[in-house]
Amino acid sequence: MTIFQNTVPESDSTTLNQAMPNAASQVLKGQSTLHLTPKDGILDLIRSIAEKQESSEPFYILDLGVVERLMSQWNSLLPNVKPFFAVKCNPNPSLLLALSSLGASFDCASCGEIMAIQSLGVSSDRILYANACKSVSYIKYAASVGVNLTTFDSRSEIDKLKKWHPKCELLLRIKVDNKTSWREFGSKFGALDDEIMPLLCYAHENGFKVVGVSFHVGTKQSDPKAYYETIARAKAIFNMASELKLPAMQILDIGGGFQACPLFKDIAAEINRGVEAYFCEVKNLSIIAEPGRYFAENAFTLVTNVIGKRVRGSTMEYWIDDGIYGSFNLPAFDRTSMMAKPFFMKDDDGDRNGGSTFKSTVFGPTCDSLDFVLNECELPEMEVGDLLVFQNMGAYTSSAATKFNGFNMQGFPTYVTYRNPN
């Protein structure tokens, strides 16, 4: 394992040239790196960081080895699909720079996200403005920096683009209805079937080239066939454009909904099957996707501090210094991938009470009674000053944090490490 940060003591550091492969070396250019011996694992790293903190605060650990492994898996299973990382999922600069160095492009939905990506030296042709409804000021900015590919699903969007960004190319976002994702987007995004032909014609009449079709089958999609079925729908729209004598479409945007789990192999197989069945004869086809959670979720570990404790009968109640107004804004509503593990700062063996567990509730720090992270879960007994470590905390966590109630839960420090995936 290798850890690097800006505050590593000079006496403990080595130069970058001795250290990192691929993505990590790009992230750390110009910084010091600290090598840990092979016996050191993530828990040793957590203790080292916590003991050196001047004032206890939550922190993240980003493992670039996970990111590198996931990109390798993506390229192996979906070799013809270009990933455009959804910046909204996690805009951590180290993660973005690592993904860029591994060949990813980026799905941006706002002026701020475009700025963040371009500040890393990413060229405009690697940015998809994936927001079907944009403000005029944001359209103007995209035009000024050469972001020339965007999505739309309404006539009003074409009207705005004609006035402020007439040279851009368009992807038609279509509505997808399904009940097999954790959160579907069809209620807000996408053209209805009977709107598609009029929108294609209206875009053409206003001088735009609709270069392809975009869709999203929903967050954490659990049915691989949802991709196959929607790819078939997209091909029908390619055919429609051809029948209308419009310029040939060349981009298929299959959106997001991916997770880094065993199901991903089945999803990839259905995508490849759909492309082979419906798009094998399309010339110069580019297939892109908008993964966010897939790359970010498992790469981040969050470390919080136990700041309060109350015992009520057989139930333990704890307070930590992060909550639903911080890193748990979205994970609190979907705890399926969230894993909590106590870390005892005072007991090296971690075996309090003989390994017994107790029904426990974990609250966040604010005065909102809804601010709880875990409810009636089984945990070993903890004390104030211990740590509660949460794995798989890279997706829609820090990016959704607030300053509610005067608790600034934005900008927790991130310590970047690399554990060889092999």
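Any Cβ shown, glycine's included, is placed from N, Cα and C.
Sequence annotations record features per position, and here TrEMBL assigns domain 'Orn/DAP/Arg decarboxylase 2 N-terminal' to 65-296.
DSSP assigns Lys88 (N6-(pyridoxal phosphate)lysine) to a helix in the three-state reduction. Under the heading N6-(pyridoxal phosphate)lysine, TrEMBL lists Lys88.
The active site, proton donor annotation in TrEMBL covers Cys367. For the recorded site, Cys367 (active site, proton donor), the DSSP three-state label reads coil.
Distance between Cα atoms for Cys367 (active site, proton donor) and Lys88 (N6-(pyridoxal phosphate)lysine): 27 Å, as a whole number. Neighbour density for Cys367 (active site, proton donor): within 10 A of its CB lie 10 other CB atoms from the protein chains shown. Across the residues of the domain 'Orn/DAP/Arg decarboxylase 2 N-terminal' (65-296), the predicted structure has a mean pLDDT of 94. Summarising the environment of Lys88 (N6-(pyridoxal phosphate)lysine), the number of other Cβ atoms within 10 Å of its Cβ, over all protein chains shown, is 18.
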